[in-house]
Amino acid sequence: MVKEFVQDEEKQRLLLDEHTEKHFTAGEVVRDIIIGVSDGLTVPFALAAGLSGANAPSALVLTAGLAEVAAGAISMGLGGYLAAKSDADHYHRELQREQEEIDTVPDTEAAEIADILSQYGLGPEEYGPVVNSLRSNPKAWLEFMMKFELGLEKPEPRRALMSAGTIALAYVVGGLVPLLPYMFVPTADRAMATSVVVTLAALLFFGYVKGRFTGNRPFISAFQTAVIGALASAAAFGMAKAVQSI
């Protein structure tokens, strides 16, 4: 038997204070980190493997790799900024359009509220007071329509800059991993072998952590991430060897 909800604000507040949500809510930040680190680990790794396949000395591999990391971080960060800015612009355009509809056709918009609530199993006698309450509060009405009709969340004001910085920094951190051996190992062959071991270990670790955060199976995620990185570097190495033999 379902217990009735008691409309006691003080009791509700106590219940909410006692309950700790276990949902992970920093999805956008994690997404940016995943994008930056995954590309940062893979692209410089493939570049270093390709140059090593062409018998380039460690100094050249390191120089080219660092240049790629710098360019990649700027490019990825700019891409993240533009994507977040585009999302914010889209939200504000829809916000303005929805406000105009509330002002010009309020009855139609109220009917849409009723339709949305009816999809959750509420009858007219139940959603009627909710519709009337929202109509008396224009700000809440607009927020309700944006969230439940259009499925749009209000973006954070600094989201674009945060996304750009997070992706760029994550790319640099990931990109330095495959290049570290070339800083300390003088011969290119040994540096490449060390880079392969270090980067594959980093890819496995990153894939495992990514799986834990995203709710996927960690070991499957680790394996998939490592395979993608290995295939990219192997393709670059093989291409360099093929071109060199021509």
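In case you wondered, yes, glycine gets a Cβ from its N, Cα and C as well.
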**Recorded membrane side (Swiss-Prot) equal for ARG31 and ALA240** = no
**Same-site residue for Fe cation 1 (record: Swiss-Prot; known: GLU98, GLU101, GLU109, GLU112; options: GLU143, GLU149, GLU153, GLU156)** = GLU149
**Fill in**
Among 59-79, 165-185, 191-211, 219-239, the stretch with the most Cβ pairs under 8 Å to the transmembrane segment (33-53) is 165-185
**Message:** Looking at the binding-site residues listed here (GLU98, GLU109, GLU112), whose Cα lies nearest to that of GLU149 (Fe cation 1 binding site)?
**Reply:** GLU112
**Request:** Quick one: of GLU109, GLU149, which of the binding-site residues has the smallest count of other CB atoms within 10 A?
**Result:** GLU149
**Request:** For GLU101 (Fe cation 1 binding site), name the DSSP secondary structure in the helix/strand/coil scheme.
**Result:** helix
**Request:** Determine which residues of the chain contact the transmembrane segment (165-185) at the Cβ level, with the cut-off under 8 Å and only residues 6 or more beyond its ends counted.
**Result:** 29, 32-41, 43-45, 48, 58, 61-62, 65-66, 68-69, 72-74, 76-77, 79-80, 191-192, 194-195, 198-199, 202, 206
**Request:** Determine the Cβ neighbour count for GLU112 (Fe cation 2 binding site): the number of other Cβ atoms within 10 Å of its Cβ.
**Result:** 17
